[in-house]
Amino acid sequence: MKVLIKAALAAGLALSAAPSFAQDAVRIGALYPFSGGLALLGDESFRGLELAIEERNAAGGLNGRKIEMVRGDAVDPNQAVGEARRLTSVDKVSVIFGTYSSSLSLAATQVAELAGVPYFELGAISDPITERGFKNVYRTNPTARIFANRMVDAVAEAVAPALGTDAKSLKVAIIHEDSLYGQTVAGYQQARAKEVGLNLVETLPYSAKSVDLTPVILRLKSAGADVVLQTSYQNDTVLFFRQMKEQGFKPKAVMGAGGGYSLRDTMQAVGPENMEGALNVDFTQYRTNPKAAPGIEEFVKKYEAKYGTAPRSGHSLANYMGAKVLLDAMAAAKDLTAPAIREAVMAVDVTEGTTATGWGAKFNEAGQNERATPFLMQWQGGELVTVFPADAAVAEIKTGIGAE
Amino acid sequence: MTVRVSLSEAPPAGRLAALMAWLGNPRVYTSLAALSLILVIPIVVDSPFIVHVFVTICVFAGLSTAWNIVGGYAGQLSLGHMVFYGIGAYTTALLIQHFGLTPWLGMWVGAAVSVAVSVFIGYPCFRLRGPFFALATIAFLEVVRLLAIHFHGFTGGSAGLIVPLKLGWAWMIFQDKINYLYIAFGLLLATLAVSYAIRTSRLGYCLTAVREREDAASAAGISNTDVKLKAVMISAGLTSLFGSFHAMYLTFLEPETMFSLANSVSIAMFALIGGLGTVAGPLLGTVLVVPIAELARGWLGASANGLHGFVYGVVLVLITLTLPGGLAGTFGPRVTALIDRLPGRRVAPDREAPALRHIEGTPGEPVLETRDLVMKFGGLTATDHVSITLRRGEILGVIGPNGAGKTTLFNQISGFLKPTSGTVVIYDAEGRPVTPARADEYARLGVGRTFQIVQPFGKLTVIENIMIGAFMRHTSVDDARAAALRIARLVGLLHVKDVEARNLPIGDLKRLEVARTLATEPSILLLDEVMAGQNQTDTQKMVELIRTIRDTGVTVIAIEHNMQAIMSLSDRIVVIDSGKVIAQGDPREVVRNRRVIEAYLGEDFVDAQGL
Amino acid sequence: MDVLVQLILNGIMLGSMYAIISVGLTLIFGIVRVVNFAHGEFLMVGMYAVYLLSLHLGLHPYVSAVPMVLMLFAVGALVQRFIIQPLLGADEHIQIFATVGLSTALINLALLVFGADLYSVQAPGVRQPLSIGGYTVLHAQVVMLASALVLVAGLHLFMQRTPLGRAIRATAQNRNAAQLMGVRVDRIYVIAFGLGAACVGLASALISPLFPVTPTIGTYFVLTAFVVVVLGGMRSMYGAFLGAMIIGIVDSLSGYYIAPDLKEVVYFAIFILILIFKPTGLFGFGRGTE
């Protein structure tokens, strides 16, 4: 019995293991969480990559060779390891693109590094991904530390001037969900706030599965917080805004670190009038001055043509931009071996304000893009518009939360 | 000199012969051949992905096998078992990070911590049954996970802990993936060996007994908490080792994955699908489900989110409905029968233990005394100042109307009930008076009891039922079996020795009840209505059996409704009514006692007879 | 002081939400003796249905309460008839796994049908804060508390005054005796499971205006509901109601005074302590070690 099962299994695996190469195509892996709790934004991220590749193929592919995508779906780190193994060994892809989720990326990049296959991270923000001395991991998007610094700096550079006060006189509170995303960003926020001498009055972690945030809000109210920095997913963002209103808590500014703040669904669930004035630091969103982000409008058109809806978040755009930069680098490389790709990636030099996200591209030794900076955005009239820095802005920053 | 050489050579040769004999058993060589496929297939196919699938199989099969020791053998449904996996992983990783300690040592530290935690969790929780135990383990898992997140300064929190990529055997991190498989396979083999050893040892039988009927197990001298604790400690240690290894394999730890409820449920599911409480079941379940899940994700996952999860859930429900015994439970016997037809050596024939030594001691000296036993249930007084003395070598009959408190008295003198007031005193082998605290201690002191409502271990065979009792005096399975066979012959159950107890008629069950108790080799035997439901011939046999037992020096105290039998059997009679001793003494005198007749037949009858 | 009162008020409102869910779980456990691990997923199914009714027919979530109660009664009855009933004689393990499997299947079915997106039901007016002496509660929360009270009172009357209710109580106390007295136990179980699920139907209509629905929304509530049920003594509706209030208040207070991310630790710790030291529940209504 057991023997039979195993024999059948072995035969099945051997069959599936037999590679079926399309002639001359360049195979690349696309590793994202397509199922499970992260599926929504995993899929959204993947769409950016898919559009970039279709665009490239329409324009003749990679030096005349078509690009063929192999998908990998991972829900947890063990599956990420498995899928990375499958992509690098069974499907023999030249490079892997991914991953949206930091924990999946941390696990998968380790496999790719040891297998000597370049790994292009387009969306995960955990800093250690590019801090482990790996030679084959590159990241185009800004990291958690860059996010956190931008948020804390924005309090002094954008919020305080708009309020007409000194940043040091503002009471700042940090609240965050306690998974990897929230804990990482909040950690860097605390460090930065200390560094620049902000008056930090509360740091409150909570579970993203909370069904009630009233205690958090009452703590903020008791502490008299003027500015709240929140790192959150969708459910907890909705809950926070609803209960903030119910408890009559009106801080001078609320700023999110992407996540739930960037999603249209969130705004609709909360109501545009309640979301009015909420600040957000994130990957570039769609209401950004096209002069600072050339190609952004074309991207939206392509997206709508292919998927029939407006983009659900900026993740697709960030993945699209990153994929384009790295596909260019692959085209420039003399072959698709890891050393050649590294040479080509290191030679990339794109100035800021010339890509669809407005970011530039220049990679340091660790593989991190040093020219990726998130913009400061704000919900105004049911739209997320870029308000800072000035050259990317399409609107003036407003103060207060909720419509009058 | 030559003598020395031959002496030192003989044992290895003997061991080799024993090993060859063991390997010659078709069950052994087919199992080993099947197991080796886990190693052979990936080496032959030589693809890192296949290696990953097989490493995953080894890890989850190992986790599931370790879980099965608690969940299957002991019947304690833990749904928070990943807590030990996580502790193993974190301990190992933190020791590398802070002290540069190699994982080969760190994993043992982790296992030690897990074992300690398992005692901390297990000891208070084992009094909970079924779903409540499951819920408590889930709660522990959640608490540990939340604490691991909260104390991020220590654990790295949700941001995770990254194991430094130092390559080589010393650090358990390899460029060549096949090395991981060697370690994982080795761990799996060790876990299976432990699981097999438990299944076929005294501990395994005790766990089964405890799982099936806690009271009967206590009466056989098994401390329920002790054996369950042993099971959970072994299981936690093994689970922890897999956690340590897997952390080295993943090189990234986060509370969400390390203390995952979903994985805790999965490993239990694998055991269920393969067959709960069997040695091969968890492995079988994992080998079936993991590759299917891995492949399904490739085929289904990309086309529709959630489809494979949906299929997985539906399959689980269907399996519970159609194959509640799991694969091993449903097909196991048939497959085993097929395998046994293969050529090779069989198990050694049964051996029967010699008759027992005679119990020493002066006839007539007190062996057990009750002093003013009072037992109250709410407003009801079930025994009311009962003081009796049991003398060595006698047969004491206890009679009285239904509800008089006879069984309550038995429960107190065997430790199943704690008297409201009064004491029970047993005289041990040296003649010292002692009062044990728990039922299993009474049993180990030589007080053996039967239950009025028979308490067989239904899924065990007759001989295994008796062995449960025999394990109190014998540690090895062979000795226990030999002793059990002797008892089976003595009580007349030899012809049904391999029948599962749940299939026995009531007469045989009553005899089995006596047999299991006799197997504990008691010096005091408490028989609670062992003749009820027996026909005339069987009753006669039972009477003779009790006499035979007494003749070996055993003191007997019997509750019986069969007047004719008890009167002819007993040396002395105690009559209990409404919780009080109303008469005691010679059988012939007791039956003429006015109060006894009143108690049985009512005052009217006594008056009418003019007694 | 103001904060304390507000927190307690908030806790009571939270408690009434847990109460409705937990009363259902208690009914199922107390009568059928099965721990329904798919209870949260029943809630999720109900919330999607409320969303669809609101989207396509424009029904107010409170109006949907009626069809929801009926629909989930049917769902519960079917689950009992076709999944739990065949397993009643089986090992407890098997029953638990069957409901765990059902839970996995339902979560993934929702993911398949609705995707991971979050759907929010529009319910005009119910989120309006109501100010009582300076303290804030929502209309929706007041409705929730009132519903919880009516539910427990209604079930009490049903159990005490109707022949069916008496048959259910008899079955809960002693299955075999009830069977001998001519009670059709299998049918009672189907009804009891249906009733337990119907409570969740009511909960789904009341909770929809407060929380957006996602495939995993049930998991947010279900562990807390287990804690409540154990606290209340497993079998008692009244115990479950009081237990829910306590957990609501503990949740609210510990979130403020200890730390928001440790509030689960606090009530799980209470849960473990209760299980170990007072398995009959906080009020001695039940028997935990059975």
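Positions of Cβ are set from backbone N, Cα and C atoms, glycine also.
Unlike curated entries, TrEMBL annotations are predicted automatically.
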| query | TrEMBL tags one of B:51-70, B:451-470 as transmembrane segment - which one? | reply | B:51-70
| said: If I go by TrEMBL, the feature transmembrane segment sits on one of B:82-99, B:478-495. Which? | reply: B:82-99
| query | Hey, which bits of the same chain come close to the transmembrane segment (B:310-331), Cβ under 8 Å, at least six residues off its ends? | reply | 269, 271-276, 278, 280-281, 284-285, 288, 293, 296, 300
| query | Between the transmembrane segment (B:265-290) and the transmembrane segment (B:181-198), do 3 or more CB pairs sit under 8 angstroms, pairs being 6 or more residues apart? | reply | yes
| request: Go through B:51-70, B:82-99, B:231-253 and flag the stretch with the largest number of C-beta pairs under 8 Å relative to the transmembrane segment (B:265-290). | output: B:51-70
| Folded-back contacts onto the transmembrane segment (B:231-253), same chain, C-beta under 8 angstroms, at least six residues removed | 55, 59, 62-63, 65-67, 69-70, 73-74, 76, 78, 81-82, 84-93, 103, 106-107, 110-115, 117-119, 121-122, 156, 160-163, 165, 171-173, 180, 183-184, 187, 190-191, 194, 198, 203, 207
